[in-house]
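Summarising the annotation, TrEMBL assigns transmembrane segment to 32-52, 73-93, 99-126, 174-192, 198-215, 222-240, 314-335, 347-368, 380-401.
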Amino acid sequence: MKIKNQSLYGQNSEIEEKIGDRSVNSFIKVRGWILIIATLGLAIFSLLNIASASFYTSMRFYKTEYFFVKRQFLFLLAGIVPLFMGLGINYRWYEKKQAIKLIVILTFILFGVVAIGTAFGIDSLVPIRNGSRRWIDFKIVKLQPSELLKIAYIILIAKGLNACKQRNYKNKDVIYTIFPFVLFFVLSVFFQRDLGTALHYIAISFIMIFFSDIELKHIFKFIAVIVVIGITYGSYAYFIGDDSSYRNRRIKAYVNGVIYDDYDNGDGYQIKQSLIAVGNGGLIGKGLGNGTQKYSYLPEIHTDFIMASVGEEWGFVGVSIMFLTYIIILQIGTTIAKSACDHFGKYLAIGITGYLFSQIIMNVYVVTGLMPVTGIPLPLMSYGGTSLWTTLFSIGVLYNINKHSLKGGSKGANQEERSSE
């Protein structure tokens, strides 16, 4: 005869377990919504800053006050599509063969178009901008493949790291597995004369490797190799490199600024004006619309140097609020990675969080003169469609990973995965 446990202790334990599960699920749901609200809050805040920062340039070149902010608003509306794609697609699908094939094909097509346009000098298709060919001009909109494919890069490395985990690969075997992905993307971007984005790809891969199961000594070897290559290239660019190269001039301007405090010559001018903008803001700033660096003093202030505009018009307080919002997003990304249902979700969340973190750091370093000018936008804040769409899609994927970390989410996801095969 089967005897049921009717003890008060057994009933209380079951009730406590249910309450605990509900509390965890409620926390995870709230965490996801905070992620979305913080993301959209920054994107909307950027419209105010772009409207102010681009005012003079819009009037000068397009005879209208709000040319750039109108376009950015349309970019944001269009960004709802990639955001909801990231939200709705089960993140485990990106690990499947058909998804990997699609990613590889898309990567070769986009990089191939840039390579062909560069090789044959097709300016109408792949225009030269700031000394590099990294844009595809579709007339209606320009796309930057190296920016768009960052999420593809993260997915491929996450797939590789997860495969290594399943096969119990260690240390060198892990590095050898993902190194071909890193090498292909970095060289493809480098030969577009886009040193900044190439460095960003390296930073993303380093962060993902750092949080894998590789021993620290092998990670330090990886860092040492990158540092040696960087110092060698920087030394060549500064002492031997031809000044006709856009990258060489930027490196020389950076070194002269850091060592000799000389920002007056050539490409150092932009960094100098950026520092002036940030310094002029003081504690609370000059007020929205009252900044002066946008009047041709600081080129591209509404794009890669939007933080300088925020510092000038909103001051230390405004910049602090902006960075507090970034910290919230990054902290949520970190906790999502820790609570992911599987290793692929963990690596994917780490990659997305690392991508945002490293891009923010690189942009801030450029604006404050701690790095050469690289053309790296500030996520959700800088003017531009490609970067915004990539970031929104990435946030959507992060939310999806969070959704499947709910109690019972793993079981449901596995059933869904089996039914879709």
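Glycine residues also receive a Cβ, built from the backbone N, Cα and C atoms like all the rest.
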Interface-richest range of 32-52, 99-126, 174-192, 198-215, 314-335 toward the transmembrane segment (73-93), CB pairs under 8 Å: 32-52
Cβ-based contact of the transmembrane segment (347-368) with the transmembrane segment (198-215), 3 or more pairs under 8 Å: yes
Same-chain residues at least 6 beyond the ends of the transmembrane segment (380-401) whose Cβ lies under 8 Å from its Cβ atoms: 32, 35-36, 39, 42-43, 45-46, 49-50, 54, 68, 71-72, 75-76, 78-80, 82-91, 94, 141-144, 147-148, 150-151, 154, 302-304, 306-307, 310, 322, 329, 332-333, 336-337, 340, 345, 348-349, 352-353, 355-356, 363
Beyond the flanks of the transmembrane segment (314-335) by 6 or more, those residues with Cβ under 8 Å of it: 31, 34-35, 38-39, 41-42, 45, 281-286, 288, 307, 349, 352-353, 356-357, 360, 379, 381, 395, 398, 402
